[in-house]
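J.: Would you mind keeping the following structure in view while I ask a few things?
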Amino acid sequence: MSNSLGKLFQITSFGESHGDCVGVVIDGVPAGLAINVDEIQVEVDKRKSRAKAHATPRCEDDRIEIFSGILNNFTTGAPICLVIWNKNIDSSEYERTRSKIRPGHADFTGFVKYGGFNDFRGGGRFSGRITAGHVMAGAIARKLISTIGIEVIGYTAELGGIVAKLPKTKDIRQNISQSDVNCPDLTATKKMLALIQQAAEEGDSLGGVVECLGLNLPVGLGEPVFDTLEGELAKAMFAIPAVKGVEFGAGFEASRLRGSKNNDPFSIQANHIRTTSNKCGGVLGGISDGMPLQFRVAVKPTPSISLSQPTVNIDTMTNTSLEIRGRHDTCIVPRAVSVVEAMTCIVLADLALRAGMIPRVIKQ
């Protein structure tokens, strides 16, 4: 398995869905960064469901424990180890259906890849549960990039085909705080919640789109040709279970435009070179151009549904059917927002360190 991401700001994820714990080790964090457990806990708590309609019945406390790397609320420069203990575990449903591979999950590929020795309970290493570690690391990264003024905002842009109308950037964060699905369009929020409730009653699930903005990025983040800003972000996004697509700026829409319509004209704005539009999503040649970073992440419907689905009994090699009765979300899109934000912060922290924009010791 490959469980590490990043070069200078490097995270190593560990744990399984129904194991003792999930966690992360973070290497390369500069010494002297002011951070306390409450700041990390705030980010982890954002990952929890706010509305019963789309919430998993598995309610974990998710209290963070700091094992190393932080002393008296400052980073020491040593590896930071953060852990969350799994306490609310029920593996009975997975034991009952162990021989039946779940459609849409990694049961089949994981079984073949690891010879049947992989932890199948709750999806094991393939579960969204492991993203709790990503979010803890993202909290450290968020604090680090804030020292050079970078801010990251994510939100639900689409859910079950309902598309949000986006307000001005300055209003997005306030509106998100009032939405149970992390959507800045409060009218769309009501429709999304109703649709989630309907899907839950039908035993089905929903997907959607998370949009993410990176504000105040300096020009120069990204290491062409193989560690571009887009490339590193895309790799990080695809490490999130359920992500099936990523597009930057105009994305696939750009393929339908002429160059005269797709190009972002340059101009001088407040003594800085900027563009008058942002179809490139803040990235040119794999390098940040000083405009807002903007990209979208497609999240598939939760594959665990209670409807009967055709599948295979991997022990007897016969066709069969499966009805999943476990504890699952109807829609994970609202919860994925915090994970997308976290992974974005991690990538930006790594690239900022590689570009020499953040010192190895943070002086207050």
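Just so it is clear, glycine is given a Cβ too, placed from its N, Cα and C backbone atoms.
Grabbed the feature section from Swiss-Prot, which reads as follows:
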type	residues	note
BINDING	ARG47	NADP(+) binding site
BINDING	ARG125, PHE126, SER127, GLY285, LYS300, PRO301, THR302, PRO303, SER304, ARG327	FMN binding site
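Context for these features, please: burial, neighbours, distances.
T.: According to its DSSP assignment, ARG47 (NADP(+) binding site) is coil. Sequence-distant contacts (6 or more apart, same chain, Cβ under 8 Å) of ARG47 (NADP(+) binding site) comprise ASP62, THR131, ALA132, VAL135, ARG335, SER338, VAL339.
Sequence-distant neighbours of SER127 (FMN binding site) (same chain, six or more apart, CB under 8 Å from its CB) are GLU16, SER17, PRO241, listed in sequence order.
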J.: Which one of these binding-site residues has the most other Cβ atoms within 10 Å of its own Cβ: ARG125, LYS300?
T.: ARG125
J.: Specify the count of other C-beta atoms within 10 Å of the C-beta of THR302 (FMN binding site).
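T.: Taking every protein chain into account, the count is 22.
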